[in-house]
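K.L.:
First the structure, which I've put down as structure tokens, then a few questions once you've had a look.
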Amino acid sequence: MHPIFLWHDNIKQIFIQPDAIYVKNSFVPNGDLDPSRRYQRKPHGQDKLEGVDVEEVCADRPADEYFRLETDGDCREVYRCDSAGEDGTWRLAPIRCAGGLAFDVLRQLCDWKSNVKSCDVLEKPRKAKPILKTDEPICPSGKLSCGDGECLDKELFCNGKPDCKDESDENACSVDEDPNRAPECDPTQCALPDCFCSADGTRIPGGIEPQQVPQMITITFNGAVNVDNIDLYEDIFNGQRQNPNGCSIKGTFFVSHKYTNYSAVQDLHRRGHEISVFSLTHKDDPNYWTGGSYDDWLAEMAGSRLIVERFANITDGSIIGMRAPYLRVGGNKQFEMMADQFFVYDASITASLGRVPIWPYTLYFRMPHKCNGNAHNCPSRSHPVWEMVMNELDRRDDPTFDESLPGCHMVDSCSNVASGDQFARLLRHNFNRHYNSNRAPLGLHFHASWLKSKKEYRDELIKFIEEMLGRNDVFFVTNLQVIQWMQNPTELNSLRDFQEWKEKCDVKGQPYCSLPNACPLTTRELPGETLRLFTCMECPNNYPWILDPTGDGFSV
């Protein structure tokens, strides 16, 4: 029986913890692993440890790093250093991947054996680190020490280009390590409407009491808009469901290019929904995004925006948000590009499940939570960009009883949700978590295919929306509308006249065109493929792609 992968847009990862292997909620081979079940360590023969100098093996090795002692065998066994031995001495704690899987020491996770290319590698390559913390300064003021003692200007560290001979200046560049990192939040220097931060990210903008804060809910969709999902969007956003201010509920669509019907995108925009970009190529190599250059992000996101503006005829400059494919944040390069290209917000960074959810924030100051998610490549520098942080959802069936489970950022990555009833409980429990604490916006992020996979999912979402609209303090809004409220925090009793939410309040009328052009197109960038581009605009010469986003043609 072949394994069935659920919701392929999530990175396939099974993470390991010291006492167990558990499935991070994004990847579940059907019938093979249960995400709520823990896979305990299996005892190993002690013969493999004979003759191993544990102190030498563990010297200067991080306690959370997994490594092999040999490359023979089935590639499932790894070890980590544990200082819980007698008298605090080091010992080796063995771990074993579940059957059918192998351990990738480069990525530090279990995956299908066919995906693991490092079975002949014993450990992660060791990288030289700069000497940043010393009792006495070892370099003149304004300079820092490379790993080999060479002193270089502080500005050269973590600039994306190795300057130290040992390249150590680019090996300590996380949010907490970068010598040129953004400062911690300073409320005296960070004032609305342009800047918002708080020490732990949970503070309500404007100091409004929680009972006077509207509970905003953002419904977002990732991927192409086309005949496969237009009916779903029509069903959810039918124009009849209205927020307490009399305006129809709105959603945010992160649009990827291939297979998108731009006449449908044009109509979503006409009706007041927010259109944002999800990349041009949606390449399935996660490292392409994590390690993307400034020019890669420019071509993918600004190029995607150019295509949407041209072929969905969106001319009002309203495409100001983006989300990274696979939520693979591109570090400072991504955000430098965003600032230069006047993108207002990113919606790719996830915040781990916590007692109190986090409000969106600007990146002038350091992000107020740990860098969570894929590859941990969060921006460390200061950027004039908003982060529409994705608070993880609590996916426990019975939060008062069930043991702790990792949260999930996309609704469809909550892999234990398998029925409409479970989905309904997930929605209401997470609504209450936000509503009864600081009323940070509740993000419900979907791929349309998941909602369409079972009619009961669609029905339960609509039932939840209508139940929430029965209150007078819950609003279904776009990401941009969340930022607009945060820039001008307004109490509930004044929201009916909140002008920023009145634009395209309740749109009537017909689509721009009832019969779009179905342009059959090719491009030299995708040889052998003929793709249809549906648009109310004139057909281009070629299928728009990364080197030719207008479709006018390009010269080699």
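Glycine is treated like the rest: Cβ placed from N, Cα and C.
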K.L.:
According to TrEMBL, the disulfide involving Cys164 connects it to which residue among Cys146, Cys151, Cys158, Cys173?
P.N.:
Cys146
K.L.:
Could you identify, going by TrEMBL, the member of Cys158, Cys185 that forms a disulphide bond with Cys173?
P.N.:
Cys158
K.L.:
Give me the count of other Cβ atoms within 10 A of the Cβ belonging to Cys158 (disulfide bond).
P.N.:
23
K.L.:
So what's the average pLDDT for the domain 'Chitin-binding type-2' (55-121)?
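P.N.:
Here the mean pLDDT over the domain 'Chitin-binding type-2' (55-121) amounts to 86.
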K.L.:
Of the disulfide-bonded residues listed here (Cys139, Cys151, Cys164), which is spatially closest to Cys158 (disulfide bond) when Cα positions are compared?
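P.N.:
Going through Cys139, Cys151, Cys164 one by one, the closest to Cys158 (disulfide bond) is Cys164.
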K.L.:
Taking the Cβ of Cys146 (disulfide bond) as the reference point, list residues of the same chain whose Cβ is under 8 angstroms away and which are at least six residues distant in sequence.
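P.N.:
In sequence order, Ala128, Pro130, Ile131, Leu152, Cys164, Lys165, Asp166, Ser168, Asp169 meet the Cβ cut-off.
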K.L.:
Rounded to the nearest Å, what's the C-alpha distance separating Cys151 (disulfide bond) and Cys173 (disulfide bond)? Just drop the number here, would you?
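P.N.:
Their Cα atoms are separated by 17 Å.
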K.L.:
List the Cα distance (Å, whole number) between Cys139 (disulfide bond) and Cys173 (disulfide bond).
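P.N.:
Cα to Cα, Cys139 (disulfide bond) and Cys173 (disulfide bond) are separated by 19 Å.
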